[in-house]
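Step one of this worksheet: look at the structure below.
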Amino acid sequence: MQRALNFNAGPAALPVSVLQEAEKNWLNYHNSGMAVMELSHRSKDYEAIHQKAQDLLRNILSIPNNYEILFLQGGASLQFSMVPMNLLTEGKIGNYVLTGVWSEKALQEAEKIGSTYIAATSKVQKYRSIPNEISISKDAAYLHITSNNTIYGTQWNQFPSNEFIPLIADMSSDILSKPLDIENFDLIYAGAQKNLGPSGVTVVIINKKLLSNSIDRLPTMLNYNTYAKHNSLYNTPPTLAIYLLKLVLEWVEQEGGLKVIEKRNEEKAKILYDCIDESEGFYIGHAEKESRSKMNVTFNLNHDDISLKFLQQAKEAGFIGLNGHRSVGGCRASIYNAIPVDQVCQLAEFMKAFKNKN
Ligand SMILES: *Cc1c(COP(=O)(O)O)cnc(C)c1O
């Protein structure tokens, strides 16, 4: 079977070996006579999967013991609400850096819960860059950022410090793409369907000191304490998604860990950005150079008709998912961890050939 040239933004491509391992165990997990999704979430077999996924994540990201790893549902989008519900207490102000569509959505949800403040925004520059200056309000509950802007194709290189107020990051589209200093953050969340596995599970990494503030009148399922107290087994977790997360984490380890993954991601991004920069204005990158994302490469062609032709011919040549997000248009190649260098080279070759013919 020929693997698709899948540049989708999410759900996105998974490593072939992960899918093969899942297939091998599909009908009969560890000789149980059952599939993973048929196991009780209270069984030893499932508990081992659950524990292993947490242990691997803790190892790979060097997550200290004063942080809990939680598995939730509802996607990153539910975290837009859960963060303020749990942490934006009376008299405090939720600070947000706006760097694109997802951070705007996070802010909108927080506005429904309490007071908010825009600590920085690059909206007037059409979100081409990450703001370098941030002003924090008084009585700040936290500062919220989006580490990688999946739609506009920008990414933070250097994070604000969490010395004075808790730092919260939506890392849905770049978690596990490079090593990370967890202690610089107080809460990290990520929907799995970009770099971690399939959709259906959301990972939350939270400093235990934030759990003590959590509010008792919250609905049980919207309270981080519920997940922390019950090891994310208060109710039925998304068992199949967590199993696949475990396989992806094993794959990251086998590949050599985050330093190796980071180097490969840098190499892949360079291939495409070089192709854009050497095209003499035929391809125009959306993001400013110093804010460019290594996960989502966004670009336009020099006029709309040729953009449509490019997307059409790319589709005919087997490239999938190159349309920009419906809210911004243009083109976008998402090159998460599971995308092999070879596929990125094929895309760059296609882009060069298209340019020469047009
Ligand atoms: C994809 C994405 C989301 C939305 O995730 P859902 O799991 O669909 O809710 C939020 N934030 C970022 C940065 C994303 O890339």
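Count begins at 1; order follows the chain as displayed.
Glycine is no exception: its Cβ is also placed from the backbone N, Cα and C atoms.
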Return the residue out of Gln54, Gln193, Gln254 that TrEMBL annotates for the same pyridoxal 5'-phosphate site as Ala76, Ser77, Trp102, Thr150, Asp170, Asn235, Thr236.
Gln193
In whole Å, how far does the CA atom of Thr150 (pyridoxal 5'-phosphate binding site) lie from that of Arg42 (L-glutamate binding site)?
36
Compare the C-alpha of Lys194 (N6-(pyridoxal phosphate)lysine) with the C-alpha of each of the binding-site residues Arg42, Ala76, Ser77, Trp102, Thr236, and give the closest one.
Ala76
Along the domain 'Aminotransferase class V' (6-346), what average pLDDT does this model show?
96
Provide the number of Cβ atoms within 10 Å of the Cβ of Ala76 (pyridoxal 5'-phosphate binding site), excluding the reference atom itself.
25
According to DSSP, which kind of secondary structure is Trp102 (pyridoxal 5'-phosphate binding site) found in, if we only use helix, strand and coil?
helix
